[in-house]
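Enquirer: Would you mind keeping the following structure in view while I ask a few things?
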Amino acid sequence: MTSLFRRSSSGSGGGGTAGARGGGGGTAAPQELNNSRPARQVRRLEFNQAMDDFKTMFPNMDYDIIECVLRANSGAVDATIDQLLQMNLEGGGSSGGVYEDSSDSEDSIPPEILERTLEPDSSDEEPPPVYSPPAYHMHVFDRPYPLAPPTPPPRIDALGSGAPTSQRRYRNWNPPLLGNLPDDFLRILPQQLDSIQGNAGGPKPGSGEGCPPAMAGPGPGDQESRWKQYLEDERIALFLQNEEFMKELQRNRDFLLALERDRLKYESQKSKSSSVAVGNDFGFSSPVPGTGDANPAVSEDALFRDKLKHMGKSTRRKLFELARAFSEKTKMRKSKRKHLLKHQSLGAAASTANLLDDVEGHACDEDFRGRRQEAPKVEEGLREGQ
């Protein structure tokens, strides 16, 4: 069945009959295969997929013949299809029994295909040629141009060990995680929130000593009263930092009596709430003289400041009055001091001016006297010269 793979020299029109006639002659030169066509785009498929498709298209052909033709054409789909069609047409006139008998013989394979398949590095030693994967399961041969094979991504292991190591370290770098943050981290406390909402239009007040809690009423009157209270508390806090004002408060008998009443009220309320606190209060008040012996000034000042924390409304009013009186006194003292300094500076300037006048006057008198004494001497000299 060598005529299945050879083309007679009589032309393309009688190719089938000429091939059948020349089957007995073994000296006919093999003609060119059907894959010598004008240059066109070569389509390649995956090997197993192409073999399955060709077996479906040519069920009468043997699997080994299809594989040999495909390998001879280096996986070119169009050339393989043309050659298989030509072989199928040429083998159509012959009987199936002869075809089956001669399919296993080496004479049924063209010598070109046989040479390529029987080379030392055959399919047993090397894998089949690489074919591009099929784009479609159906209609594989309908596409005019094949898709380009996808380029595999570059392997990281194959790169150099210089820069990639740093990149790998950078990729594997995990930032250190912080521990659990406190509950009040970046949070506004409720009292701060109330003060911000109440005083949104003005400057933000700080939490001064004795500052009352912010009222919930949104009215302008309440806001004004809060502002006044805040300013008064700030002034009182500043006054309490003045040692002279503190000494004046300790010398004021009425204020000390009111402060003592407030302290007793606070202690009675505290004793009602808990009986243990009463013993602590009495124990705290009894050793005051003992501590006063060690450092009486510090202990008295600390005790007085502790009493100021429990002031009532009446005592607070007295404190405001005393603070106003103290501020007026200090203003008067400052104005008197400025006045005295001004007078002293003016008196010093006048005295220096008088001293300068006296010095200049004495100098002028001496010059005038010296000139009067020199005048008659000059006249006598002139007369003698004449």
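Keep in mind that glycine also has a Cβ here, set from the backbone N, Cα and C atoms.
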Enquirer: For the feature region 'Disordered' as recorded in Swiss-Prot, pick the matching range from 121-146, 147-172.
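Expert: Among 121-146, 147-172, the range Swiss-Prot annotates as region 'Disordered' is 147-172.
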Enquirer: Checking feature assignment: region 'Disordered' per Swiss-Prot, candidates 87-106, 327-346, 367-386. Which range matches?
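Expert: Among 87-106, 327-346, 367-386, the range Swiss-Prot annotates as region 'Disordered' is 367-386.
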Enquirer: Need one number: mean pLDDT over the domain 'CUE' (46-89).
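Expert: Overall, the domain 'CUE' (46-89) comes to a mean pLDDT of 86.
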Enquirer: With DSSP as the yardstick, break the domain 'CUE' (46-89) down into helix, strand and coil residue counts.
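Expert: Grouping H, G, I as helix and E, B as strand yields 34 helix, 0 strand, 10 coil.
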